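Student: One structure follows; several queries about it will come next.
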Amino acid sequence: WIMGHMVDDIAMVDDFLDNGANGLELDISFDSNGKAEYTYHGTPCDCFRSCTRYESFDKYMEYVREISTPGNQKFRKSLIMLIMYLKLNSLYANQLYTAGSDIADQLARHYWKDDGAARAYMVLSLPSITQTEFIRGFKNRMESQGLQKYYAKIGWDFTGNEDLDDIEATYKKLNITEHIWQSDGITNCLNRGTDRLEDAIRRRDKPGNKYINKVYLWSIDKMSSIRDALDKGVDGIMVNYADRFIDVLKESKYSSKYRLATYEDNPWETFRP
């Protein structure tokens, strides 16, 4: 999975897809009432990137609905996943619950409004395990509005590099045992060790594991780092330059072992060689 990083305006959506991404990460900012407002990262952000490009959340979702709907004249079959990084750190518990409810409402209004014709999978990525009120708000609204069928398209991720045992315990409390991506990473401006990443991969591959289906690394720019991550066995990498990942996949060492995921590949299923 090639996940374009910080794809926060519509022009970048097309640029990343043109360069080979099959997944897009967008940063969702909220107002003081817990309502999703913009796709916007802000400063600081990754080195050599503009931190301030943005779009209104509703307009962004309308656009990705069009390009991920078969039969639409704008359809792009390569777009199969959206990774929604939820900028929740400034919200209190009651606002977190509202934010979860609002995301469910806005997805129903702007993305699934054609009775689910738009086909992208979505990973809801939370900064911390302390923000589970968002998940409760999201699930309660989905169920009260009869939107449970869309759970098949929803996955989960905690992206704050927290202890993996604590993350597992959180999923147990939430009764979430599937559709789990586990991230590990840091801004491309800094180096990070790989111990936690390797531990996540071991847990993913452990027989009987219920709490990690896929593992991805963020955010990587160097081709040598992409190779190293593939050698370790990640399922996806979040990148600023998707074409570099494509070039690595063309190398003989990797072309015989890896291929770009397609819509027919289940993003919630652990790959077993």
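Numbers run from 1 along the shown chain.
Backbone N, Cα and C define each Cβ position, glycine as well.
Keep in mind that this is a model prediction, so the values were computed, not measured.
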Student: Candidates are CYS45, CYS189. Which one does Swiss-Prot pair with CYS51 through a disulfide bond?
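Tutor: Partner cysteine, according to Swiss-Prot: CYS45.
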Student: My understanding is the cutoff is Cβ-Cβ under 8 Å with a sequence separation of 6 or more in the same chain; which residues meet that for CYS45 (disulfide bond)?
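Tutor: Listed in sequence order: MET6, CYS51, THR187.
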Student: What is the separation, in Å, between the Cα atoms of CYS189 (disulfide bond) and ASP27 (Mg(2+) binding site)?
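Tutor: So the Cα of ASP27 (Mg(2+) binding site) lies 18 Å away from that of CYS189 (disulfide bond).
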Student: How big is the Cα-to-Cα gap, in Å, between HIS5 (active site) and CYS47 (disulfide bond)?
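Tutor: If we compare the Cα positions of HIS5 (active site) and CYS47 (disulfide bond), the gap is 12 Å.
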